[in-house]
Ligand code: ADP
Ligand code: MG
């Protein structure tokens, strides 16, 4: 178990409020926060420390602290741990304009935690020679308790899901595989653009939403021969929380209030979770992670399997003293929370690296010896395509499941409706269909229960059972179908049915008629009128039933139509999914084919190069021989020219001598002449 690391950072004061008192956070006014190493105390300038113990944290940074120092002290160690396979989270908590975003994002001159962490991840990965890595990133926002993907405009209101393999995850969230810090920065920029899209008041939004930047790092030992070896999967969350100020201070109304309500719900739940976790073991009880999206997503970082650092940012001004006190209290409670981080190694196919490994190996073999920038890009694109296809497949599976659920609900509804309709239809079933007397009995109206074969029980028995018949004798001979049709105003409903309809309540007077009053004592006209009235009311009820029945049938038809259109959509979606998968497969095949072709070209070029090298060597040999010959020739020339010059010397001296002799001869010849 290790405690969450908690740091507090005071931003520089507003220039108007600035007051450089030694050791103070510089808020100006009568009271100010005094920083003494890792302690923070509220002091009255005139009267000294305000009552109450000082707050003590792991690190306290004053206004002079740079992002570089904050990062180096609080976050740098987390990066090494993440690359080693531990989960890690760093989040900034504090009221609006206390410096959360400045701490997380920073400025060009002094980059914040996110850009520094991204660079460090890639530097550490590069320095880890014995493992190979797959890094992917996602960027999301929780706004009004809805999760939005910041890397794509389509990813709105994403659901949180959980399964054994992946744990808690945001379904449908875009994840991009990356292999350089620059790629991540481009994606972060895209996220910011998406976040601003259609937003009129960005400041209001940013102070009301939580942003979570996430890096998932998978790694396996290099040259791993055994595919059963574990893959390490770790997650780094860098979170810029919404402003922690209270509602009444922001004075929000209407939509804003709703937004603030959601934010406060998330932050409230974060506070609750931290409170619960800071309690000692037995008192703890249930930790309400599920009560907000934020705590659900950050669950491993809070009392779970992660190394966590919290940077609580505070404003030094006197007007913010109460908010700052709230922030410091939150930070103090967070200091009591312990996590239990361990390296995450998995053997299942849940690791993307594992799933992609074979393909990567093949590609790597193809690329061996080549340092082509273009080919590396092809590999990255392929990896991203593969991952996107997987995410797309997951999304489609999720939609399919939801549609299936909807269809089941509709089918259930339909069955219910059908049952209802059948129930209504049954009201027109003749009594003969009920073989079981108790069944029949149950369906009878109360009066008929009491007098099984009473009033209008069976027309066929009117003539035999006159004492039970409500009809006067003088109607006996016309008490046929025509009369009842006439009394029912054209309705040809079976009389037996009228008695058995459960919903058709018979007047209490009928009961009395059948039991006590002598049927024949009532005047015929009155009886007829009463009967006619009964029939009219029965008729009305029947008509109402028919209308209800028709409406239900219409509803059923509508549901059927809807169901069949849903089924159509379902099969369309399936077809689209299949097409998409086929398309992706084709793209993959195409890319692999391109890779193969490139590889072939590469090997042809390599052969050409080898042939040329051999030729070159041969030519170099020949050149050497020629050079040798030339040297020999030069040597010969040197010898010849030396001999030549010797000869020339001899000739010159001979010439000189013969010239002298000639001169002598001439001279002696002249002397001998007379
Ligand atoms: P929050 O994200 O908490 O609402 P911001 O990070 O947007 O607050 O900070 C509000 C303002 O204060 C911004 O202009 C920011 O540049 C400035 N600021 C915050 N912290 C610092 C700091 N440590 N050094 C310099 N400026 C800061
Ligand atoms: Mg901010």
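Every residue gets a Cβ built from N, Cα and C, even glycine.
Looking at 9-32, 33-56, the range annotated in TrEMBL as region 'Disordered' turns out to be 9-32. For the recorded site, residue 95 (ATP binding site), the DSSP three-state label reads coil. Residues 101, taken from the binding-site residues 94, 95, 96, 98, 99, 101, are distinguished by a CB atom under 6 angstroms from ligand 2. Neighbour counts of Cβ atoms within 10 Å were taken for the binding-site residues 94, 99; the minimum is at 99. Of the chain residues outside the ATP site list 94, 95, 96, 97, 98, 99, 100, 101, 11, 92, 102, 207, 243, 313, 315 have their Cβ within 8 Å of the site's Cβ mean position. For ligand 1, the nearby binding-site residues are 98, 99; that is, of 95, 98, 99, these have a C-beta under 6 Å from one of its atoms. Between the binding-site residues 96, 97, 98, 101, 98 has the most other Cβ atoms inside 10 Å of its own Cβ, all protein chains included.
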